[in-house]
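Notes to accompany the following structure.
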Amino acid sequence: MLLGGLIDTLTGANKSARLKGTVVLMRKNVLDLNDFGATIIDGIGEFLGKGVTCQLISSTAVDQDNGGRGKVGAEAELEQWVTSLPSLTTGESKFGLTFDWEVEKLGVPGAIVVNNYHSSEFLLKTITLHDVPGRSGNLTFVANSWIYPAANYRYSRVFFANDTYLPSQMPAALKPYRDDELRNLRGDDQQGPYQEHDRIYRYDVYNDLGEGRPILGGNSDHPYPRRGRTERKPNASDPSLESRLSLLEQIYVPRDEKFGHLKTSDFLGYSIKAITQGILPAVRTYVDTTPGEFDSFQDIINLYEGGIKLPKVAALEELRKQFPLQLIKDLLPVGGDSLLKLPVPHIIQENKQAWRTDEEFAREVLAGVNPVMITRLTEFPPKSSLDPSKFGDHTSTITAEHIEKNLEGLTVQQALESNRLYILDHHDRFMPFLIDVNNLPGNFIYATRTLFFLRGDGRLTPLAIELSEPIIQGGLTTAKSKVYTPVPSGSVEGWVWELAKAYVAVNDSGWHQLVSHWLNTHAVMEPFVISTNRHLSVTHPVHKLLSPHYRDTMTINALARQTLINAGGIFEMTVFPGKFALGMSAVVYKDWKFTEQGLPDDLIKRGMAVEDPSSPYKVRLLVSDYPYAADGLAIWHAIEQYVSEYLAIYYPNDGVLQGDTEVQAWWKETREVGHGDLKDAPWWPKMQSVPELAKACTTIIWIGSALHAAVNFGQYPYAGFLPNRPTVSRRRMPEPGTEEYAELERDPERAFIHTITSQIQTIIGVSLLEVLSKHSSDELYLGQRDTPEWTSDPKALEVFKRFSDRLVEIESKVVGMNHDPELKNRNGPAKFPYMLLYPNTSDHKGAAAGLTAKGIPNSISI
């Protein structure tokens with residue numbers, strides 16, 4: 001591929017050549033949110049003789065005096081740098097480039113050195129050489145990398161052509177450059193604190209969340225995936241902790257991990273910081289100067305239909321001075337000048353009451369924002385797996401008498417045997433923590449079990465809800481439980497049932513944010529991002545396969561550590577586990593298994609599917625109208641086919657994989673360091689066969705794309721109306737004879753609302769969910785790449801096109817299922833079609849930006 005025509009080139013007239021090229025980059029712009037003067041200063045620098053230079057590196061001619069590296073050609077400068085004026089928004093600029101290349105001496109170029117002598121960085125996207133001797137067609141270098149001024153680096157910035165090589169196949173002249181680049185990215189000998197121009201990927205534990213919180217990772221009590229290291233100085237009062245930054249300072253992540261478009265990243269960062277530093281104090285003042293509570297559902301709906309006027313507060317005024325001018329109007333309501341007004345969540349757009357129905361409550365277990373929890377019931381009554389020596393007997397108190405009247409004539413045993421009983425079981429998950437959690441101010445949380453019946457028409461219906469609270473008896477944490485069954489609305493008993501569903505939703509909301517979302521997508525992915533960059537060259541086929549699914553993940557995780565999951569952060573403030581939240585997630589991580597994260601394995605583990613070789617995806621759903629699973633299996637299968645076909649190009653047999661030094665180092669470090677607290681678990685794949693690699697890559701892509709999309713982008717559409725997905729419960733279920741019960745009879749909406757998430761928690765929580773549920777206009781969806789020339793391999797390009805085409809076909813199937821009246825779980829009473837796993841591959845223009853409740857981005861970027 002690379003050497004084609006070389007001999008012909010070296011004989012004949014082409015002993016030297018002038019190679020013409022094109023450079024595409026994005027300059028720092030006069031409207032850049034972070035650096036207003038970048039373009040002006042660069043212009044002055046150019047007149048002083050500064051600029052950008054490039055040097056080609058040979059892939060065929062070796063310089064024995066330079067460690068066997070490929071020979072380096074003469075410098076070439078960008079042409080028309082000054083006259084190519086930037087657009088008003090940060091956009092691409094194109095420049096010419098001409099190389100004097102001695103073909104006879106230097107052979108065929110395969111890499112390029114880029115030097116930046118300007119005073120600010122730029123984003124190098126691609127360099128394309130035309131009519132290169134020794135190659136057919138163009139030679140493209142895909143960079144997508146920020147180039148800082150040369151003085152910031154201890155080494156030259158080298159980029160490789162878009163060819164693909166296993167380590168053993170790399171041209172000898174380029175091998176040292178490949179090894180150098182990986183060594184630079186590992187940066188194991190570099191001391192911090194790291195700056196934004198540093199390109200260092202190292203690991204650290206979660207010791208940066210603030211004082212009074214456990215260190216997550218590196219200890220048996222709180223095992224955890226690793227995060228990216230920043231090398232900030234230790235905390236002054238506790239050296240085992242890393243010091244915190246102020247909210248407007250930037251946490252270090254390697255610059256190429258940050259959002260490609262500056263405005264996108266800054267808008268997200270400023271949005272979250274606006275909520276934390278500006279809107280929160282204003283809302284606190286608002287709450288202090290008003291009754292401080294919502295009293296009816298209409299009060300909450302007014303957030304969307306009318307908004308609330310925020311008072312002037314010093315913190316909000318101060319933030320106005322610190323934020324870039326053009327963001328203030330969008331992000332910061334100031335005094336009476338503007339309202340805090342939120343968009344109407346999808347769940348109440350068509351019908352403001354549908355969320356209260358039992359049908360919608362059950363449907364969201366299959367097609368809501370947390371559709372990954374429901375399991376098939378295999379024994380009755382449900383048993384507990386809690387240690388009886390610590391907790392006693394926690395067997396469920398739900399009896400056959402509670403549920404048999406709603407089983408369509410079946411007995412409990414018949415319903416079990418016919419796969420008609422299902423459970424949302426949060427009992428064991430929360431019971432061990434409830435004594436501590438309920439000692440937090442404003443908390444009273446139950447551990448819940450909810451039983452569902454699969455009706456003959458394919459819909460689920462709730463049968464019973466068990467609410468349990470911990471009781472200390474004889475040195476054991478036993479349970480005091482009560483069972484509630486459905487009651488029609490309109491009576492006080494009906495409102496008791498409504499509250500029982502709300503307590504379940506509180507459990508499910510907490511678990512969703514803490515585990516389904518944060519731990520099982522964001523946190524577990526970061527070690528793969530770090531290890532891939534440390535051990536897989538950009539020329540490696542597996543790097544090319546996985547890198548799109550890492551975009552922006554380290555950035556959003558760093559932002560989360562700074563403002564969301566930190567001590568006293570928004571998560572602790574708005575979701576019930578409070579300061580115990582992250583510690584609880586560490587306990588859950590003890591049982592995390594990478595091999596169970598793929599969708600088919602997860603469905604089988606939960607009893608929602610069985611293996612079936614005759615089914616299209618080799619598994620058969622036991623609830624056929626399970627929108628998350630039905631759409632997800634189609635997506636999983638498409639990813640699986642793509643990965644298998646792609647890897648087959650480069651790994652004809654297992655021996656090639658076993659001899660791949662980079663993949664073996666990558667997998668070893670992922671297991672032993674990135675997920676090092678679980679390194680001795682027996683389930684880790686050995687990475688000795690191509691099917692093992694294919695399954696691992698499919699799982700990584702699934703987690704970063706579809707799984708995250710399923711649990712993230714429905715947050716505001718479903719939970720933006722807090723009564724549907726409350727995050728906190730503040731008091732016990734009202735009992736007859738109490739004032740709370742009398743209030744429930746007298747003013748049921750007020751009693752309901754005063755039991756769940758408070759007004760200030762609601763306003764802050766839904767403001768955040770709105771930000772986190774949006775798609776950016778430059779979103780890259782599954783089946784899309786940021787650069788068409790991501791590889792020079794026509795076989796790989798063809799495999800990827802087939803993948804994209806399959807995803808577009810799935811889009812049509814999803815829309816078709818949503819219009820099928822037989823599939824009642826696709827829309828539900830709220831008339832909100834399930835589109836969270838609609839790929840949106842066909843949208844190449846960013847038309848579906850904002851709160852769309854659809855689309856599978858390539859990566860965890862928000």
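Each Cβ is built from the backbone N, Cα and C atoms, and glycine gets one as well.
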Per Swiss-Prot, which of I348, I374, I862 sits in the Fe cation site along with H517, H522, H708, N712?
I862
Can you tell which of the binding-site residues (H517, H522, H708) has the fewest other C-beta atoms within 10 angstroms of its C-beta?
H522
Taking the Cβ of N712 (Fe cation binding site) as centre, how many other Cβ atoms lie within 10 Å?
22
In the three-state scheme derived from DSSP, which category covers I862 (Fe cation binding site)?
coil
Take the Cβ of I862 (Fe cation binding site) and count every other Cβ within 10 Å, whichever protein chain it belongs to.
22
What is the set of residues, excluding H517, H522, H708, N712, I862, whose C-beta falls within 8 angstroms of the centroid of the C-beta atoms at the Fe cation site?
W518, T521, I556, V711, L772, I860
